[in-house]
Structure formats: C-alpha cells, structure tokens
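Here's what TrEMBL has on this protein:
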- 1-26: region 'Disordered' (REGION)
- 50-75: domain 'Sodium:neurotransmitter symporter serotonin N-terminal' (DOMAIN)
- 128-146: transmembrane segment (TRANSMEM)
- G134, A136, V137, N141, S376, N408, L474, D477, S478: Na(+) binding site (BINDING)
- 158-179: transmembrane segment (TRANSMEM)
- 200-228: transmembrane segment (TRANSMEM)
- C240-C249: disulfide bond (DISULFID)
- 291-308: transmembrane segment (TRANSMEM)
- 320-346: transmembrane segment (TRANSMEM)
- 366-390: transmembrane segment (TRANSMEM)
- 402-427: transmembrane segment (TRANSMEM)
- 447-472: transmembrane segment (TRANSMEM)
- 504-529: transmembrane segment (TRANSMEM)
- 535-558: transmembrane segment (TRANSMEM)
- 579-598: transmembrane segment (TRANSMEM)
- 610-635: transmembrane segment (TRANSMEM)
Amino acid sequence: MEKKATSNETQLLTSKKDVSGCNEEEDCRENELLIRNPKSALRLVEDGNKVHPSQGDKEEAAPISNGYSGVQSSGPCNGMGGVEDAQCTAPAATTTTTTTTSATCRAEGQQQLMELEDRETWSKKIDFLLSVIGYAVDLGNVWRFPYICYQNGGGAFLIPYTIMAIFGGIPLFYMELALGQYHRNGCISIWRKICPIFKGIGFAICIIDLYVASYYNTIMAWAFYYLVSSFTTELPWTSCTNAWNTGNCTNYFSKDNVSWTLYSISPAEEFYTRQVLQVHRSNGLDDLGGISWQLTLCLLLIFTIVYFSIWKGVKTSGKVVWVTATFPYIILFILLVRGATLPGAWRGVLYYLKPDWQKLLATEVWVDAAAQIFFSLGPGFGVLLAYASYNKFHNNCYQDALVTSTVNCMTSFVSGFVIFTVLGYMAEMRNEDVSEVAKDTGPSLLFITYAEAIANMPASTFFAIIFFLMLLTLGLDSTFAGLEGVITGVLDEFPHVWSKRRELFVLGLIIICFLGSLATLTFGGAYVVKLFEEYATGPAVLTVVFLEAVAVAWFYGITQFCNDVKEMLGFAPGWYWRVCWVAISPIFLLFVTCSFLSNPPELRLFDYNYPYWTTVLGYCIGTSSVICIPIYMVYRLIVTPGTLKERILKSITPETATEIPIGDIRMNAV
C-alpha cells in the first residue's frame, strides 16, 4: 500500500516528532533533509556523486546536527536544497517522473555545492579579527565616548557603561557573529533560513548602510582636507591673517597680549567653519548653497580608495586592514605619550575620571551608556553577519566576540586620555576651567579643539599629519565594513545576477553613495550630516536589532539557535547568554529606543537652531528604512498560498537549508 507524507509532516530541526520513512518498495526523491529517523537510508552527495544503499540496508545512519540523521527527503528540491512537499512514490507508477526529478535535483544539488564550496573565506584568522576591530573602532570612539563620559559623571559613568556592555552590547555582538558564521549568508538571504517573514530587516539594513555612507565619508573628506592642509611649515589654523579670517579672530597663543571677548573666535574655529565647511555661505537646511569643489575632490579620492580596497572581496580588504586597523593604535600611543607630557595634562585627566555618583540616579546616564555601547560595537548594520559568513564553519566566534568587544571598549577608554590630556593643556594655556574648553562636541572636538591644541605644540606639523591620518584610517575601516554588509547581502540574495559581477556591482554602489553624498558637500552640508547622524540611523538601527533579537530568540527559537552554536563550537551557550538573548537584550534595545523617541534631541550646530520641520524630516528619513519590514511582512502573507493560519505558519518557518559540513561532505539542515 502506497504511503504519502504531506508537507505538514516534514519536520524541522526544532521539531521533536519523527518522520516516517518510505516502505521498502518505495523510492524517495533525492534531496537531503535532517530528520529524526535513525533507521532511514543515508544518501549523501560526495565529490559530485550519489551513493545509494540498497533498500534492504537497515544500517543506522550516522547522527548529525544535534542528534538528527541525514537522510533523503522525499520532496522536490527547491533553490537551496530545501523541502517543499514530502512524498514517497511507487517506482512502478512513476518511473519517468522519479528519473526526471532525480536528475533535476542532482544537477541543482551539485550546482549548490559548487557555489557554496566557492564561497570566499578569510585568508587568515587575523584578517577577520582586524576587520571586525577596524569596523567597531571608528571615529565615534575618539570623540563620542570621551564627551559622553565626562558629561555623565566621569569615572562613575564606567559603571552603567560596563553593565550595558555585559548584558546588552556583547550578547548582541556574539549573536550576530554566530548567525553569520552558521548560515553563511548576508543580511537579506539569511532570513530564509531563520524566519522568512522578517526578511524585510535585511532590506532595511541595506538602506541604513547607504544613509551612513552618504554622510560618514563626508566627515572623512573633512579630515582629508585637514591632512592636505597640514603639509606646511605653519599650520593654516594658527593665525588670523588668512583670507577667510574675520575681525573677531583672536589667537590665544600669540605672543601679543590679547583680550578674549564674548565675540572672539579662535583661528582653528574659523578655519573649520569658514574655510573647510564654509557654513557662512549657507542659511540653513532650507538654503544649503553651492557644492564645495575642494571637499568633492577629497570625497572622490576617498571613494576611489574604498573601491580598490573592497572590489575583490575580503581577500583584498583583509589585507588592507593590516594597515588601517593597526595604524590608529600606533598613533594613539604616540599622542597619549605626547599628551601626558604637556603642562596641565593632569587637569584634563582629573576632569575626565572624577566620579559624580549622583549622576547614576539619572535615567539619561543609563540611556547614554546603552546607546554608546550599542553604536560602538555596531550590531544591526549587517557587517557582523557579512564578515562572519566568510569564516570557516568551526571558527571560535565566541572567543572572537569577547576579544573584539573588549578591544573596542578599551580603545574608547584610552581615547579619553588622549583627548583630555590635550584639553587639560588647552585649559592651562587659556587659564580657564577644563569645562569651558571641552564645550565642543562631536566632530568639532576633533577639528577645532584638538586641532588647535596640536597647532600650538612643538613639531605641530608632524603631529597634525599623523592625527588626521589616524582619523582617515579609522573611518576607512568602518566604510569598508558598511559597504561589505550591503555587497554581501545583495550578492547572496541575487547570486544569479551579481555573483560573477562583483566588481561592477561595487562600482555602481560606490557611485550611488557618492551621488547620495552631494547634499553633504554643500556649504550647508554640515547641517545635513548632523541631521542624518541623529535621525537617519539611530532609532532605525535600534528598531532593526530589536526585531532581529526577537525573531532569533522567539521565532527561530533559542534552543535551535543554541544547537546551531553547539554544532559549530562543540559547546552550547550557557544560561547567561540564553537569558540575555531571550529577555535582557530585547528589553535593553526597547529601553533605548523608547527613551530616544520620547525625548528626541534638540538639534543645534554652531549658531543654527534646527527648525521643527527638520525633526519631522529626520523621522521620515529614519522611517524610510524601517518601513521595509512591515511592507515585506504584508507582501509575504499575500503571496503565500493557503489560509491565513497556513500563510503565517509558512512565513515563520525556515524555508531553505543550512549546510553543515561533516568532513568533506556537506549536509543540509532545514
């Protein structure tokens, strides 16, 4: 009597039910499926050939994938070797159909194996570590952490920062590395193997990355302009005799006695605002003015460097980061030693670390700590998924997560000493309190305050060159990573279109990013950068990672995810990691997101107060990426056949296989 198993009887790895095998006189179509049936016949693809034990062979199959056996599924193969419908067919009745299906499945299976075997991997483990460290350690470590630290209680701020890192940032960092390494896919196609209805997260990530590329590289263009301007015997921001200076320009460090008034402006500030940015030629966001051709050339050169660093994949970018990821640490050490020897440096260090314990009672301090560690480690941008997908299957991503996150946090802490020793020196020279010197925030802290301090040091040209070169290398790493997140996501989703045309796709992506940056290259471009930094990425990426954590822990299943990790590493995550992924990390993200939305920042840059409509515009820009998630959910439910309940069940069930290497053989785990 012929038996047929419906698709509802085909079980996933998370299922504890057995799937009955075919009768001895029946034949199953050739497509791997991991099921709990230790007595079923084992048919593997090895070296492109099929091995068919006799129907009477009852030898138990080797257990794999946490107790699941590798057997042939009875359904027709899909694009990734997954199963759509399981059925066993009597060979006497369907010889032609079976033969045709077998040939088709064999061809598709061999093609899939070839594609997966051809997937690029890191040349060395250190290439991966340097790339992740270079991505996580960026310009924000140098300017954002020191400012937030002294603003929120100095040394006392390290307590909420450490707590948020342990229970929020590091678990999310580890989760993304494990997901990318196990499923070996970018931010879009990986959701077919986790929870298909959340695939819109991948598209949202790509849009966020493009927004970041449109303004982040402009900041590097400013640094490049400073670098080129530094190749002089006298730095141009040390005097008030230049064409761009005004009558209010006052040089603190001149040998003449000068009086500082309410309207006085330092030469470093005028160089930054009137020569580099030229914001005086813009009236705000409603009148940006023309495009600065100098910054345009700087940005064009930066994107050229980026293109030739990533166009061939991680094989080339993994070599470039040997310079771009290590050079900043050499410069930080040199600047730290130099800063520590300056007069008044101790005043800056004291201001940086002096604890204000009362600050710990303020909610804003904990929100700032959570936001800082989150944006510093950088989950949610698709980068960790992409980079980890090029690892070997059994790479110890747990150790990688701990090492890279620790290095990142320590870099932020040490950068504070580099900045505040110089601010203490500035306060000593101006005869002011450190709090008056440290009023600048964000890029202004680097391009005005720190630049002015460097200009008045001995060997100022040398220190200016290495400092702005350090800023460039810090930014390049993050740009490589952000664009690689998009590239890997799109190439994995559309391999039939772009897999053999990576160089062309990367070129098109670079051109799009350059054109998208034109608004930030105008005379009012700094206002656009500030708007994008605060609204386009912040709440959007928080929402994305919150949904990602929920999808993995609650839909894919924390047990299944931990089994995946055990498959790779040989040990399962402990209860601490499970509790963080299931509850603490999502609550951590929800807490930060709600705090931001309930109290949006009031934007102000230089003397320009952002009008109310810019806040609405900022939220619209941020929503334009997140909206992909509900749109795809609706689309998925519409195109999926069946009743509403069936559509929902199919949409939250992994639809394609994840390969598990067993020696030289690769098995599919659905």
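Quick reminder: no glycine exception, Cβ is built from N, Cα and C everywhere.
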Q) Out of 200-228, 291-308, 402-427, 447-472, 610-635, which stretch has the largest tally of CB pairs under 8 angstroms to the transmembrane segment (320-346)? A) 402-427
Q: Name the range, of those listed as 158-179, 402-427, 504-529, 535-558, 579-598, that has the largest tally of Cβ pairs under 8 Å with the transmembrane segment (291-308).
A: 504-529
Q. From the centroid of the CB atoms of G134, A136, V137, N141, S376, N408, L474, D477, S478, the recorded Na(+) site, which same-chain residues not already listed sit within 8 A by their CB, in sequence order?
A. I133, Y135, D138, G140, G378, T411
Q: Go through the chain and flag residues at least 6 beyond the ends of the transmembrane segment (610-635) whose CB is under 8 A from any CB in it; none is fine as an answer.
A: 197-201, 203-204, 207-208, 211, 284-286, 527, 530-532, 534-540, 543-544, 547, 600, 602-604, 651
**Q.** C249 (disulfide bond) to S478 (Na(+) binding site) - Cα separation in whole Å
**A.** 36
Q. Which stretch, 128-146, 366-390, 447-472, 579-598, tops the Cβ pairs under 8 Å count with the transmembrane segment (200-228)?
A. 447-472
Q) So what's the mean pLDDT when you look at the domain 'Sodium:neurotransmitter symporter serotonin N-terminal' (50-75)? A) 36
(Q) With pairs fewer than 6 apart in sequence excluded, do the transmembrane segment (535-558) and the transmembrane segment (447-472) have three or more C-beta pairs that lie under 8 Å? (A) no
Q: List only the single closest residue to C240 (disulfide bond), chosen from the binding-site residues G134, V137, S376, L474, S478 by CA-CA distance.
A: L474
(Q) Give the nonlocal contacts of the transmembrane segment (128-146) in its own chain as ranges (CB under 8 Å, at least six residues past its ends). (A) 122, 219, 314, 317-318, 321-322, 324-326, 328, 352, 372, 375-378, 383-384, 387-388, 390-391, 395, 400, 403-405, 407-408, 411-413, 415-416, 418-420, 441-443, 445-446, 471, 474-475, 477-478, 480-482
Q. If you count Cβ atoms within 10 Å of the Cβ of S478 (Na(+) binding site), leaving out that atom itself, what do you get?
A. 25
Q) By a Cβ-Cβ criterion of under 8 Å, what residues six or more beyond either terminus of the transmembrane segment (579-598) are in contact with it? A) 164, 167-168, 171-172, 175, 363, 367, 370-371, 374, 538-539, 542-543, 545-546, 549-550, 552-554, 558, 561
Q) Among all the protein chains here, how many other CB atoms are within 10 A of the CB of V137 (Na(+) binding site)? A) 27
(Q) Under 8 Å between C-beta atoms and at least six apart in sequence, can you list the same-chain neighbours of S376 (Na(+) binding site), or say none if there are none? (A) A136, G140, N141, R144, F145, G169, N408, C409, S412
**Q.** Cβ-Cβ under 8 Å with the transmembrane segment (402-427): same-chain residues at least 6 beyond its ends
**A.** 129, 132-133, 136-137, 141-143, 145-146, 149-150, 158, 161, 165, 169-170, 173-174, 329, 332, 335-336, 339-340, 342-352, 372-373, 376-377, 433-434, 436-438, 445, 449-450, 452-454
Q. Around L474 (Na(+) binding site), how many other C-beta atoms are within 10 angstroms of its C-beta?
A. 25
**Q.** Cβ packing number for C240 (disulfide bond), 10 Å threshold
**A.** 18
